Structures are given as structure tokens and as C-alpha cells.
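Asker: According to Swiss-Prot, the ATP binding site annotation covers Gly118, Thr119, Asn120, Gly121, Lys122, Thr123, Thr124, on the basis of sequence analysis.
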Amino acid sequence: MKMIEKYRGKKVLVLGLGKSGVNAAKLLKKLGAEVTVNDKNTPSDLTQVNELKNEGIEVITGSHPLELLENIDLMVKNPGIPYTNVLVSGAKDKGIKIITEPELAFEISDARFVGVTGTNGKTTTTTMISLMLNQGQTEGKAYVAGNIGVPASQVAQEATSKDTIVTELSSFQLLGITEYHPKVAVLTNIYEAHIDYHGTRENYVNAKMRIVMNQTEDDYFVVNWDNEEWQELSQRSKAKIVPFSRLGKSKDGAYVAGGYLFYKEDKIMPVDNIKVPGTHNVENALAAIAVAKIFGKSNEDIKEVLTTFSGVRHRTQYVTTLNGRKFYNDSKATNMEATEKALAGFNNPVVLLAGGLDRGFTFEKLEPSLKNKVHAMIVFGETADLMAKAGKEAGVEKIIKTKDAVSAVPEAYKVSNEGDVILLSPACASWDQWPTFEVRGDKFIEAVEKLTEELEEK
């Protein structure tokens with residue numbers, strides 16, 4: 001860790017008491033800043049608040065007093081807090097610099113950074129990259145950080161110059177970077193998402209592309225080549241472009257040909273040997289292969305990871321098999337593209353559990369994926385009726401409306417047959433009923449476990 005002096009004696013306001021906010025506050029205090037943390041909510045568990053206060057950090061909860069902006073030099077913002085927030089907009093009006101926590105991580109670390117962004121596939125790709133970089137490694141370590149759960153500023157304090165920090169970065173986080181400079185940037189894909197936060201699709205794309213804004217010709221930009229828009233976006237980076245393509249549209253990086261995974265001229269392994277299901281996971285694997293090859297990893301290291309890695313929690317996660325029905329938790333599928341790709345990964349008939357927050361979309365786009373594959377749907381949440389309409393148009397035989405992803409489980413089992421896949425892949429955010437997609441997925445798994453126990457008792 002570099003003990004930089006730029007924050008010594010500065011007044012910093014950390015907005016938001018989440019993991020990243022707490023770690024940023026502690027780090028800034030260590031760097032000599034005068035730190036105040038503010039959150040509009042007062043947490044029921046005061047453990048973190050007391051920890052911060054014990055380190056000499058002022059904590060103010062319950063509201064956003066405007067006087068907190070007086071004489072501050074910097075705001076470190078929780079990425080989920082919108083720029084329309086009264087303190088954030090006030091800071092902008094005053095010309096106060098606003099950053100997010102990954103920026104701090106970059107500033108204090110000598111490690112190499114790999115930044116991964118995109119609409120879908122970020123977490124799985126980030127995890128695959130770290131596993132490949134660590135496979136067979138005798139010197140240096142790859143850390144996973146960022147939007148995946150471990151704050152980058154926490155990891156950055158441990159990592160050395162021999163290490164690599166593989167950081168999953170959301171569009172929200174990328175809006176708050178100014179100097180963050182990844183040796184390798186990865187763009188998995190870009191679809192329409194978070195328009196409620198960014199206002200327009202163009203703003204969303206621009207936020208994502210901030211990941212390359214500080215790259216030079218000595219860096220690498222790994223980009224999905226299967227879409228013309230994404231190809232064009234690669235021109236925004238000064239770095240060396242390394243494409244990956246499931247459709248074989250470029251052979252200059254990682255791609256699929258004849259049922260095999262390749263890197264340039266190098267045949268690595270059969271596509272069918274990837275353990276995690278789904279065409280989307282083929283794309284994730286290709287992105288990870290490209291990064292692994294940039295860092296000189298062997299085919300054997302790559303094969304070991306792809307043939308053993310069973311997936312990330314809430315991303316087409318296998319839960320259990322119950323009387324010939326396989327249950328999968330894909331709660332992370334918060335948009336239609338993610339659900340389309342999840343469905344494409346299964347050959348067996350599917351009972352689909354879907355629905356959630358209404359963001360103003362209709363679901364006609366899902367209909368081709370539902371046809372001839374989904375024989376039953378259990379729909380729930382604010383979009384239940386819209387989801388049911390798409391199912392009806394696609395010719396789905398049975399459509400049942402229920403309260404949520406928990407009550408959907410026994411209903412799904414009732415309409416399923418031996419050999420079916422029962423898939424939670426909502427195509428919607430969880431916020432109408434659950435605080436996060438992780439909570440939704442965990443509740444789904446608990447409901448499956450409860451159903452298993454009930455059936456065993458009969």
C-alpha cells in the first residue's frame with residue numbers, strides 16, 4: 001500500500017454506510033484525512049457505526065444535512081446513490097470533487113488492475129479471470145474485488161506489486177473514477193439497463209466506457225466482438241484491442257470454431273467441456289481466456305478452471321435435483337438478455353419463474369426464447385401480468401400468477417415433469433419485493449430446500 005499524502009488534512013465526506021463506504025472511510029482516516037460518514041438511514045445494527053466512531057470518524061445518520069458540504073474537499077459516494085441526491089447535487093454545484101471507492105483503491109496500490117464491466121456476465125467473468133490467474137501460480141496472487149462483494153479499497157491495502165486486482169465495476173462506480181487505469185479492461189457486452197439511474201442509454205454506455213478513458217497503447221482492451229456497436233466502442237480506447245467472439249467473428253483473440261475454444265491459432269479445449277451451462281458462459285469463458293493469455297497463462301491452467309468451475313452464486317447456479325427435476329437459481333438475471341441466455345443454455349423443457357420490478361419494459365423480446373422450450377411459467381411481482389402476456393403470446397401451456405419467487409417454488413414443482421429444468425431467471429430487478437437479487441436468490445434456495453424436506457417426509 002502506498003501512503004499517499006494527497007488526502008492528509010483534507011475534509012472528506014463519505015456518503016453511504018455500505019461496505020465500500022465503511023472501507024473508504026477507514027482508509028481515508030489512515031491516510032490522514034478528516035472524515036465524516038453520512039447515511040440517510042439509521043442502521044438497526046450499530047456495530048459498523050461504533051467501529052467508525054472508535055477510529056475517530058464522525059458518523060451522521062437519519063438525514064442528509066446540507067451543512068455537511070461546508071468546507072469539504074472531497075466526496076466519496078456510494079455508487080448506488082443517484083446524482084440527483086440533495087448532497088450529491090449540492091456538491092456538484094459547489095465544484096466539490098466526487099469519486100467512488102475503486103478510485104481510492106487504484107491510488108494506493110502498486111498492484112496491476114484488471115477492470116471488468118458490461119451489462120451481463122461481469123461477476124462470472126471476474127471470477128473466472130481470477131481463478132485462471134491463480135491457477136499454477138507460484139509468485140503473486142490475483143484478488144477479486146469491486147461490485148462482486150469485497151471492496152477494492154480493502155484488497156488494495158493487502159496487495160503488492162506482484163499481485164493483480166481483478167475488479168468488477170458497475171456503471172455507477174465508473175461514473176466516479178478520474179485516474180483509475182486498468183492494465184486490462186474487459187467489456188463483456190452492453191444492453192439496455194439502469195436507464196432509471198442514467199436517464200438515457202447513451203449516458204449508460206458512456207459511463208461503462210469510462211473504464212478505458214485512462215488507458216494507453218501499453219494496455220489491453222478485451223471486448224466482445226459479436227455486436228457491431230461493441231466493435232465500434234473499442235475505438236474509444238487507445239489500448240491494444242483483444243477481441244473475443246463466440247460467433248467466430250474475429251480470430252485475433254479468443255473465439256469458438258468447430259466446437260472448440262481457441263486463442264488465436266491455439267486450440268485450447270472443446271466448448272462442451274466447460275462445466276457451467278449456457279452460451280453466455282461460453283462468452284464469459286472467452287473473455288477470461290483472453291485476459292489469461294495476456295498474462296501468459298498456459299492452456300492447462302485455463303482448462304483446469306473451465307472444467308471444474310461450477311459457477312457463481314445466483315448466476316445459473318445449480319441448486320438440487322428433486323425427483324428428476326433440476327432446480328437452478330439465476331436471480332442475477334435482472335434483464336431480458338440475461339434470461340434469454342440462461343434459457344439458451346438448457347436443452348430440457350423448462351418451467352420458468354420470472355417477474356419483478358416494473359421498469360416500463362414489455363417482454364415481447366422474450367417470446368422467441370420461450371417458444372418450444374418453456375412449457376410452464378410462474379410469474380410474480382410488478383411485471384407478473386406483462387410476463388404472463390409474453391408467455392401466452394409464445395404459446396406457453398401453463399401460466400400461474402403467484403406472490404413472489406418463494407411461493408413460486410411449490411407451484412413450479414406441481415406443473416413440472418420428470419426431466420424438467422425449474423429455473424428462476426426473473427428478467428427483472430428484485431427491488432419491488434427484495435432489497436437485492438442476492439436476497440431473492442437465497443429465499444428461492446430456501447424455498448427449494450423446504451420443498452425437498454416436505455416431499456421427503458411424505
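Yeah, the Cβs are placed from backbone N, Cα and C, and that goes for glycine too.
Remember, predicted model here, so these are calculated numbers, not experimental data.
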Asker: By a simple count, how many Cβ atoms lie within 10 Å of the Cβ of Thr123 (ATP binding site), its own Cβ left out?
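Answerer: There are 23 such Cβ atoms around Thr123 (ATP binding site).
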Asker: Ten-angstrom check, please: count other Cβ atoms within 10 Å of the Cβ of Thr124 (ATP binding site), all chains counted.
Answerer: 28
Asker: Inside 10 Å of the Cβ of Gly121 (ATP binding site), count up the other Cβ atoms and send me the figure.
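Answerer: The answer is 26 other Cβ atoms.
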Asker: If you take the centroid of the Cβ atoms of Gly118, Thr119, Asn120, Gly121, Lys122, Thr123, Thr124, the listed ATP site, which other residues of that chain have their Cβ within 8 Å of it?
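Answerer: Going along the sequence, the neighbours appear as Val116, Thr125, Thr188, Asn189, Asn284.
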Asker: Which one of the binding-site residues (Thr119, Asn120) has its C-beta surrounded by the most other C-beta atoms within 10 angstroms?
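Answerer: Top count of Cβ atoms within 10 Å goes to Asn120.
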